[in-house]
Every structure is written in C-alpha cells, then in structure tokens.
Amino acid sequence: MEELAVETLSVSDRWSLKSVEIISSLQHHLEPYESWVVYASVFGDNREAFTFFFPLLAGLANELGARALWASIFVEWSNLLLKWMFKGDRPYWWIGETSLYNDETRPELRQFTNTCESGPGTPSGHLMLNVALFYVATKGISKLFIQKSTKLSLCQKSILSAVVYTGFLLWIGVIFISRLYIQAHFIHQNILGVIIGLMVGHMAWSTKWLVKLSKVWAVVVACSLIGTAVSTYSLLLSQGLDPLWSLPLALKHCAHSEYVKVDTQVFYLVMRFTGSALGLGLGLSSDQRYVVLNAPRNFIRTILTIKGGILIGKMAAMIQANLPTDDMVLFLALSFGLNIALPFIIIALLPHFLLTVYYGN
C-alpha cells in the first residue's frame, strides 16, 4: 500500500494494518512452536477461570478463590457491555471484509479451532480475564503464602515475590502473543484488555464486601448483572442496532463454521456470569462456609480440597459441553443452574464435607 494512502487512513485502520503485519510475522517466525502458542489461548480461555483456576485457588485459600471468581465474573460482565459499545472487528473477518486490501494484496493467514470467536473483539476478553484473575492470584499468593511465612527471611520473601510477579508478567505476554497469533485480536484490543483487566483485578482484590455478602445482597448483585446486560441489549435493539452483528461475520469468514462455538455467544455468557455470581454469593453467606472459616487450616485437607475442586470443575465442564443445544431455552436454563451449583459447591459444600469427614463429626 502506498505511503500516501496510509497517511489518509484513520488511527484504527493504521493499527489494524500494523496488527495484520505483526500477525503474519508471528505466524511465520513462531510456526515451529505453533502448537504451544495456540494452546496458550486454550489454557487461558475464560472457561478455565470458572472450572479450573477458581477451584484451584479456592482450595489454597477460600477467600482467594472467591476474589478470583469475582474478578472473572466482573470481567465477563464488563467485557460484554464494552464489546457492545466499541463494536470492534476481529482480524480473521476484518481481513476478508476491509476494502484496504485487494485480491492481490489480501494476506492469507492461518486459522485454528479457537480462532472463530463470534463476539466483537474490543477489548480482548482473554487479556482482561487473565490479567484480572492472575493479578488476584499473584497478590494473594504473595501476601498469604510468602509475606506471612514465618520460615522465610525478608530477602527470601522478596525473591519469591519477585519470581511470582515475573511469572505473572510473562504469562500475560504469552497470552498477548497467542491472541494475535490465532487472529482473535488486534494489538489495540489486547492493550485495552490489559488496562481494564488491571482495574477489575485491583477492584476484586481490594473490595472487602465482596467476600462478606448476605444472601439478599447476593441476589441483588446477580440481578444487577443480568439487569444491566438485558437492559443494554434491549436498548441497542430499540435503537435499531443488532447486538449480534458479529455472528454472521464469524460464520462467513471462519474456515470451518463448526469452530464458531455456542458458548462464546452472548446469552450463554450472561447465564454464566449471573449464575456464578448468585452461586458464589449464596456460598459466601452459607453456614457451611462459616464453619470452614473457623476451622484450623490443615495441609492434607487443603490438598484434598484442591484435587476435589478441580475434579468437580472438570465434571462441570464436561456436563456443559454435553448439554443439548437444539432447544436454546433449555440449554440456557441448564447452563444457569450449573453455574449456580459449581461455585456454591466449591466455596462451601466441598470444604465443609471434607472438614466433616476429616474430623468425623
């Protein structure tokens, strides 16, 4: 493209063109490591926050798991609203739609099974979630397990904390590259995701009332989340705007239409973050959790809670993947119930059950 033409482009178009160049370069230079780069987006997928990382962190420390899940919930909710607001394209369909390329100059980039997310691309939900979730995890591990240790010297604490924070930064860098590599996002979408993720993560870590909800306030929070989402959706429709405008583009430009997953669509996401908020809130205010919090910590019980939580999370993911999708109302209702049950079990029922078995009363 001629330099004069580039100078007349909008800032957004310039960023998009530069991103496509970088994506092409990444796919060329990182091809020997392609399976690892692609898998980073799979392992860092939003679903893993609910079914793997939440049970893992809740097993380490109940409050840490709760704050991590709140971070994930608020990321999904805010990301949905922001994507409706910004209406950002994704590279894999933008390349095929834009008039900035012709048939000779249009790049041919590789797609993968996790490329074809059907929602808008701004900001990056993967970056938002991984930054927010691992911000909470990093702060929690550093504060609860390193800084409070009585067996480590001040120097050792500083070194271990630095290692944990470095690991956090490296992981975010890997996710950043992975999202570009699979054509899921442009650079500016990733950057915005990092910034907002830090804000959400800090809020989830520092807000005290999030882990002290009563049952009434748990319902209020859940209703507020679904209420704002449904209201925004209805407002867009009333203004003649289609909140699902990106789905036809995803189906059109995805190399394999079966790669467009139903659980990346808006209605399922609303059921996931609303159900999780309700289940977590009810679990936090339950009598079972109160008993657990007042019991002495035990290494064996901690290991069993982690293993049991991860197993239950995997079972929930398997159930979700096998729910019938022919009847969308039934699918959403079952998804809602499943997402209520999982955090309630992880945060309250499982640790209480293990405590009862361990002490025999």
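Every residue gets a Cβ built from N, Cα and C, even glycine.
Note: TrEMBL annotation is automatic and uncurated.
Per TrEMBL, the feature active site, proton donor maps to HIS126. Look at TrEMBL and you will find HIS185 tagged as active site, nucleophile. Look at TrEMBL and you will find ARG90, ARG179 tagged as substrate binding site. Summarising the annotation, TrEMBL assigns domain 'Phosphatidic acid phosphatase type 2/haloperoxidase' to 65-205. The annotation transmembrane segment is assigned in TrEMBL to 158-181, 187-205, 217-236, 266-284, 304-323, 329-359.
Sequence features annotated in TrEMBL and their locations in the structure.
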residue: ARG90; record: substrate binding site; DSSP (3 states): coil
residue: HIS126; record: active site, proton donor; DSSP (3 states): helix
residue: ARG179; record: substrate binding site; DSSP (3 states): helix
residue: HIS185; record: active site, nucleophile; DSSP (3 states): coil
Between ARG179 (substrate binding site) and the residue listed as 'active site, nucleophile': CA-CA distance (Å): 6
Other CB atoms within 10 A, centred on HIS185 (active site, nucleophile): 30
Per Cβ pairs under 8 Å, the stretch of 187-205, 266-284, 304-323, 329-359 packing most closely against the transmembrane segment (217-236): 266-284
Rounded Cα separation (Å) that holds between HIS126 (active site, proton donor) and ARG90 (substrate binding site): 13
Packing count at ARG179 (substrate binding site) (other Cβ atoms within 10 Å of its Cβ): 30
Number of Cβ atoms other than its own within 10 Å, given for HIS126 (active site, proton donor): 27
Dominant neighbour of the transmembrane segment (329-359) in 187-205, 266-284, 304-323, by Cβ pairs under 8 Å: 266-284
Contact set, same chain, for the transmembrane segment (187-205): CB under 8 Å, 6 or more residues outside the stretch: 12, 15, 18-19, 22, 67-68, 70-71, 74-75, 78-79, 82, 88, 121-136, 139-140, 172, 176, 179-180
Helix-strand-coil residue split for the domain 'Phosphatidic acid phosphatase type 2/haloperoxidase' (65-205), DSSP-based: 99 helix, 0 strand, 42 coil
CB within-chain contacts under 8 A for ARG90 (substrate binding site), separation at least 6: GLU117, PRO120, GLY121, GLN183, ALA184, HIS185, PHE186, SER246, ALA250
For the transmembrane segment (266-284), sequence-distant contacts whose Cβ falls under 8 Å of one of its Cβ atoms, 6 or more beyond its ends: 50, 66, 69-70, 72-73, 76-77, 80, 119, 211-213, 215, 217-219, 221-222, 225-226, 229-230, 233, 243-244, 328, 331-332, 335-349
